[in-house]
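S.K.: What follows is a structure written as structure tokens; I'll ask about it next.
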Amino acid sequence: MGFSSELCSPQGHGAVQQMQEAELRLLEGMRKWMAQRVKSDREYAGLLHHMSLQDGGGRGTGPYSPISQSWAEITSQTEGLSRLLRQHAEDLNSGPLSKLGLLIRERQQLRKTYSEQWQQLQQELTKTHNQDIEKLKSQYRALARDSAQARRKYQEASKDKDRDKAKDKYVRSLWKLFAHHNRYVLGVRAAQLHHHHHHQLMLPGLLQSLQDLHQEMACILKEILQEYLEISSLVQDEVVAIHLEMAAAVARIQPEAEYQGFLRQYGSTPDVPPCVTFDESLLEEGEPLEPGELQLNELTVESVQHTLTSVTDELTVATQTVLSRQEAVAQLQRELQNEEQNTHPRERVQLLAKKQVLQEALQALQVALCSQAKLQAQRELLQAKLEQLGPGEPPPVLLLQDDRHSTSSSEQEREGGRTPTLEILKSHISGIFRPKFSLPPPLQLVPEVQKPLHEQLWYHGALPRAEVAELLTHSGDFLVRESQGKQEYVLSVLWDGQPRHFIIESADNLYRLEGDGFASIPLLVDHLLRSQQPLTKKSGIVLNRAVPKDKWVLNHEDLVLGEQIGRGNFGEVFSGRLRADNTLVAVKSCRETLPPDIKAKFLQEAKILKQYSHPNIVRLIGVCTQKQPIYIVMELVQGGDFLTFLRTEGARLRMKTLLQMVGDAAAGMEYLESKCCIHRDLAARNCLVTEKNVLKISDFGMSREEADGIYAASGGLRQVPVKWTAPEALNYGRYSSESDVWSFGILLWETFSLGASPYPNLSNQQTREFVEKGGRLPCPELCPDAVFRLMEQCWAYEPGQRPSFSAIYQELQSIRKRHR
């Protein structure tokens, strides 16, 4: 099979031309590709050379190490590789690429020559085989007609003269016919031979020579490609040698010995600074105190007990933190072990991030263990000191003994049933240190329409489309949201009972639906709302009412934090302002290190307060839960807590003011009782006082809402304020509004003793035993008899015998009216 036997037809000629065009396109593609390869290799070689220059041949300025030596070898070999690649690029350009260009020119010339020769052969065949023969045949027919006509005239002639003339014409016509016949015979023979030569010799010869040249060019192209591959190959001996040198340099790295040289050069013996000790010079001008020993006397016993409770609570949280972090470390170690078994050694880099997380978790565990150890040591010091005291009374302060001896016996007898004057003294001493705090400066208020989109009440963020219908209730209700996954803003409007959604177009920093553009979406919405212009001419929809987002949700950026004003069980408390309107707020934070279940308890307070609105209940403003740390934002009550207020201002307060303030507390608790809310931690320290001496119930961290008004607690008494808690709650974990009434009785006692601590000389366990035996707190010195009788009713052992908060409030109002 070959061109000469298979491609002689016109269809074969067309196929040959298409094949030549396709091969030329292929060759042109090869030439462009090789030219790009030459360019790329030149650029690559240049980049490698530039990298070597920048790296300085692998010579760093840091300390010597095996890795740096190996890296120097790699960069040096890379420079050699760049020179080799540059030479390869030049060889490609002068060799295969140049030859390929010449081959393309020859192939183009061959295509042109073949086309011209084929056309010439076809033209000659057509002329000889068709045109010339047809012309001879046409002339033959004409001469045959002339001869036949002359013969008829000759045969029909009768006269001699006419006959001779007709004969002469007949003879001439025969001569012409016979001569043309011979020419036709010769023409037919020539055409037959031309036909034979064309189809058997000339056309096959042309095609055969074409095939031979094509095959020769294919052979040349093969040699060009072989040369190209030889030059561009990356497995040449030179390239392989370079890479073997690099591989040897890498193989010389020994991770276990990498830093031995560094340690020999820079290592030194540990220089541990001396541990802190008690500075005895502090005692030179002060009281004769024992260095490093806790002072437990009548002035400090209360603070030591409270500190022990606080440290114990913090130790509980720290222990939970340690356990959670130990579990996290164990989980990470298990995951790493499984992944290392299922990961190829060369994919170990994928595990680095998790290994770093493990190291961070181990470090965090060490920090938690350190915190736990510190708290444990502090608790042991406090416990040992209190156990050393035993059930007896704390030793007196020497400085105050003379004052105590000068007191008359009648006064001592009276003080047996009243609050000791020493307690009032301690109250005033502690009041000297009442914390003062400054507020962050007011912010310049921005008009609502100029606030950014995320601060607009009607902007709901990435609200799912399915939830829009639940928020839009009346025709014309609208909100703006972010389209999920499309980074577009959508205006959603309820119209004719159906939610309609309009994509807000953004172009050239302008926002529009139809018509004019505006510099911001708030400006666009404000214009549509004020002008009542239809959103689109086709829809005719107009905006009527903006649907605000959940009022409790705040962003961390909505707050400006001031200084720390306190500390709770979960974290610090700060003063602050809302950026939107400069509202003063108190911001309670939750430590990031707390376990999730503790954080859930922190948010319990906000969950409770969301439902309440009362002048004597501290007001919730919002929560920030989008990121850490979590905040609960509440109104800022600038007067501080009620306990500190009593200890600092109590001596200057009128009796009516004290009655009014406990009446405020009763009103707040009456409201909570109506909502079936159990506070569980009612005490003076958990009430706040405004600048106008209005009291507000606060600190709902332990509060619970129960439909039947009874809450059964579990988990022990580690965080229970024993001296304020009713017997049934301590014994059985049964909390109710009646148990809050017991705590309110203690609050009354704190109020009229001006901030003294209940059961000052008793531990928590001793207090429980004292109450179970029927013991109760004595009447404070300044307390009206009617109020003390109310206290005693609050301390009835049986919960059902205690008054309700409604009755307590009415009784306090009555006492206040009677009091001058």
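Cβ from N, Cα, C; glycine included.
According to Swiss-Prot, the record shows the following:
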type	residues	note
BINDING	ILE565, GLY566, ARG567, GLY568, ASN569, PHE570, GLY571, GLU572, VAL573, LYS588	ATP binding site
COILED	123-163	coiled coil
COILED	318-389	coiled coil
DOMAIN	559-820	domain 'Protein kinase'
MOD_RES	SER65	phosphoserine
MOD_RES	SER406	phosphoserine
MOD_RES	SER409	phosphoserine
MOD_RES	THR419	phosphothreonine
MOD_RES	SER714	phosphoserine
S.K.: Taking just the CA atoms, what is the gap between ASN569 (ATP binding site) and SER65 (phosphoserine) in Å?
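M.R.: Approximately 51 Å lies between the Cα of ASN569 (ATP binding site) and that of SER65 (phosphoserine).
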S.K.: Roughly how many Å lie between the Cα atoms of ILE565 (ATP binding site) and SER65 (phosphoserine), rounded to a whole value?
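M.R.: So the alpha carbons of ILE565 (ATP binding site) and SER65 (phosphoserine) sit roughly 53 Å from each other.
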S.K.: Would you list, in sequence order, the residues of this chain other than ILE565, GLY566, ARG567, GLY568, ASN569, PHE570, GLY571, GLU572, VAL573, LYS588 that have their CB within 8 A of the centroid of the site's CB atoms, where the site is the one recorded for ATP?
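M.R.: In sequence order, the nearby non-listed residues are SER589.
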S.K.: Could you give the Cα-Cα distance between ARG567 (ATP binding site) and SER65 (phosphoserine), in whole Å?
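M.R.: If we compare the Cα positions of ARG567 (ATP binding site) and SER65 (phosphoserine), the gap is 51 Å.
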S.K.: Tell me the Cα distance separating SER65 (phosphoserine) from GLY571 (ATP binding site), rounded to the nearest angstrom.
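M.R.: Cα-Cα, rounded: 47 Å.
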S.K.: List the Cα distance (Å, whole number) between SER65 (phosphoserine) and VAL573 (ATP binding site).
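M.R.: If we compare the Cα positions of SER65 (phosphoserine) and VAL573 (ATP binding site), the gap is 51 Å.
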S.K.: Between the two most separated Cα atoms in ILE565, GLY566, ARG567, GLY568, ASN569, PHE570, GLY571, GLU572, VAL573, LYS588, the residues recorded as binding ATP, what distance in Å do you get?
M.R.: 14
S.K.: Suppose we draw a 10 Å sphere around the Cβ of SER65 (phosphoserine). How many other Cβ atoms does it contain, all chains included?
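M.R.: The Cβ of SER65 (phosphoserine) has 18 Cβ neighbours within 10 Å.
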